[in-house]
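Engineer: Quick one: structure below, then a few questions.
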Amino acid sequence: MIRYNGWGDESVTMETAKKGLEMLKDVVGPGQPGEDCPLAKMLAKVGPSRLPEHSLLSREPMDRYTHAHGQSLPDWIAMRGGTLENFPDAVAYPTSSQEVEDVMEFAQDNDCLVIPYGGGTSVVGHLNVPKSNRPVLSLSLERMTRLVDLDRYSSLANFEAGVRGVDLEAQLRALGYTLGHYPQSFEYSTLGGWVVTRSSGQQSMHFGRIDQLFLGGEMITPRGTMKLPALPASAAGPDLRQLVLGSEGRMGVLTNASVKVQPLPEMDQVYGMVFPTWNHGVDAVRELASASLPLSMMRLSNPKETKTNLALSGHETQTKLLNQYLSMRGIDPEKACMALVGVIGAKKVARAGKSKAWSIAKKHRGVIIGKTMGESWEKKRFLIPYLRNTLWEQGYVVDTLETAVTWDKVTNLLQSIDGAVTEAMAGFDEKIHVFTHLSHIYPTGSSIYTSYVFRLGENPAQTYERFLALKTAASKEIVKAGGTITHQHGVGVDHKAYLPAEKGPLGMEILQDVVKLCDPDQRMNTGKLLD
Ligand SMILES: Cc1cc2nc3c(=O)[nH]c(=O)nc-3n(C[C@H](O)[C@H](O)[C@H](O)COP(=O)(O)OP(=O)(O)OC[C@H]3O[C@@H](n4cnc5c(N)ncnc54)[C@H](O)[C@@H]3O)c2cc1C
């Protein structure tokens, strides 16, 4: 059973280590637990539906509540505080492309707004229900989860778009294949959601982002169906797949997608290494990214994140031993930067690549600490989001933000984001704990992934005010530095105001015209991505 006001399955919890909590208490002060709105009270807010009955629709309050939000911080504040105001009038559960067409026809006949719904893991307000005179219909893809075809000869799999990551991977693995797309929301997010938000999996260095994995599919728009043939490459003018990628439900509903798959790798391991300073770490991962090695991922934590991760791990004795060992190797644990490096591929190639990678790391004074850290990360990689529930209950808010820039700007931007959110919080006479890692590392630059923890406000409005101040301050820094407003989470509503700075006036007009052309009645997920 999924939590009605948090992340993940109700039966799963992730405890906060004592040391981690002490650290937070020291940095931001004792948590201020708030009061959660009970489910019954929330459901009582869901008013009568404005839509007629239909065999593919549910008008039940619980369905309408669960489809009224995603997982952004404003969503959490509204769920926990009971301030969610708008709910879809019904939720449609089509089981085939034909039924999606039937639902779209119903939407047209009843002049309703349609919000396609994948796994509900959006963190930028993609699923917010607008206050509207028109009825709102959430179109859930949760019953469209089949592997339609696996073409081993062409390394291509076609799935219905509502398949969740975990089920997609299970279906492929049973046949000896993998897509290798592992966003941290993997257990709940869907293939369709990935494509239309341009998501990035943790091992994208080897498997590629979803933009590189998506080869074709079918999108049902209010103007008709767009079929995108799965082609390995094409020079036939601008690539329409690039319009569907990142369309965020504004053009139509992606009903199925063909993706590039590959046989399961012989070797897939993650190792830990530690660098004496941030600059050593950056020099190492930058060089590694350009070395054409069989690496699946690299993740470089700054000193604050390194210390935070060790404190939250709860392994106090091992951490002490590690710090002693690092000191012996001339590394000051206060300045140490932990990196995780994944090695992947056919055994012979991966081992040779590993040896080359280690020699590059050592050249930059990296100390290889073996597989334990990597194995622990692998075990917990999809559990970490559960910490958000636990910390909230202790009175702390955890949120993240992300961008990508070219190498010349990475370190400066990382620091200015940290400074901007710290200053914004100081405006409320409150402290914030900010820590960062580089998560997707390219020869030309890197994504920057910043997490922050601060105390819940006295009421939902105060917590939201804090969020908005932080988000605005960080987004302005990103725009000022010429970074992308989002490397992986998409635009939704939280990043919408910053999109024109990246696309320019003509670019925005082109996007607006495409959306208008596919959706002349402004039905599809209006208010998200762009106005
Ligand atoms: C704990 C956590 C960890 C995360 N980690 C990552 C990460 O590592 N990498 C990353 O990239 N993102 C991450 N995200 C963000 C999120 O998981 C991604 O944006 C994901 O791609 C959303 O997929 P979804 O199926 O949940 O889509 P939803 O949240 O349901 O929808 C997102 C948007 O896509 C549209 N949509 C969904 N399905 C369709 C469809 N079939 N046709 C048309 N439109 C559709 C919706 O209308 C909406 O606009 C994380 C989120 C959480 C909560």
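Quick reminder: no glycine exception, Cβ is built from N, Cα and C everywhere.
From TrEMBL, for reference:
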ACT_SITE  Y449  active site, proton donor/acceptor
BINDING   P116, Y117, G118, G119, G120, T121, S122, T197, R198, S199, S200  FAD binding site
BINDING   R388  substrate binding site
DOMAIN    84-264  domain 'FAD-binding PCMH-type'
SITE      R299  site 'Important for enzyme activity'
Engineer: Of the recorded positions R299, R388, Y449, which sits closest to G120 (FAD binding site) by Cα distance?
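Structural biologist: Sorting the recorded positions by distance from G120 (FAD binding site), the top entry is R388.
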Engineer: Please classify the secondary structure at R299 (site 'Important for enzyme activity') using three-state DSSP.
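Structural biologist: In the DSSP reduction, R299 (site 'Important for enzyme activity') maps to strand.
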Engineer: Considering Cα atoms only, can you say which of R299, R388, Y449 is the nearest neighbour of R198 (FAD binding site) among these recorded positions?
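Structural biologist: That would be Y449, the closest of R299, R388, Y449 to R198 (FAD binding site).
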Engineer: Long-range same-chain neighbours of S200 (FAD binding site), Cβ under 8 Å, sequence gap at least 6?
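Structural biologist: The answer is P183, R209, I210, H440, S447, H487, Q488.
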Engineer: Which binding-site residues (P116, G118, S122, R388) fall within 10 Å of R299 (site 'Important for enzyme activity') by Cα distance?
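Structural biologist: Final answer: none.
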Engineer: Which residues of the same chain, at least 6 positions away in sequence, have a Cβ lying under 8 Å from the Cβ of R388 (substrate binding site)?
Structural biologist: G6, W7, W76, V398
Engineer: Which recorded positions from the set G118, R299, R388, Y449 come near ligand 1, judged by a Cβ under 6 Å from any of its atoms?
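Structural biologist: Close enough to ligand 1 are G118.
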Engineer: Any idea what DSSP makes of the residue listed as 'substrate binding site', helix, strand or coil?
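Structural biologist: Going by the DSSP assignment, the residue listed as 'substrate binding site' falls within a helical segment, counted as helix.
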Engineer: Write down the Cα-Cα distance for G118 (FAD binding site) and Y449 (active site, proton donor/acceptor), rounded and given in Å.
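Structural biologist: With distance taken Cα to Cα, G118 (FAD binding site) is 24 Å from Y449 (active site, proton donor/acceptor).
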Engineer: Using a 10 angstroms cut-off on Cβ to Cβ distances, just flag whichever of G118, G120 is the loneliest among these binding-site residues.
Structural biologist: G120
Engineer: Near P116 (FAD binding site), which residues of its chain come within a Cβ-Cβ distance under 8 Å, counting only those 6 or more away in sequence?
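Structural biologist: Set apart from P116 (FAD binding site) by at least 6 residues yet with Cβ under 8 Å, we have L139, L141, G192, V196, G249, V253, L254, M524, N525.
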Engineer: Which secondary structure state does DSSP assign to the residue listed as 'active site, proton donor/acceptor', in the simple three-class scheme?
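Structural biologist: Once the DSSP labels are grouped into three classes, the residue listed as 'active site, proton donor/acceptor' ends up as strand.
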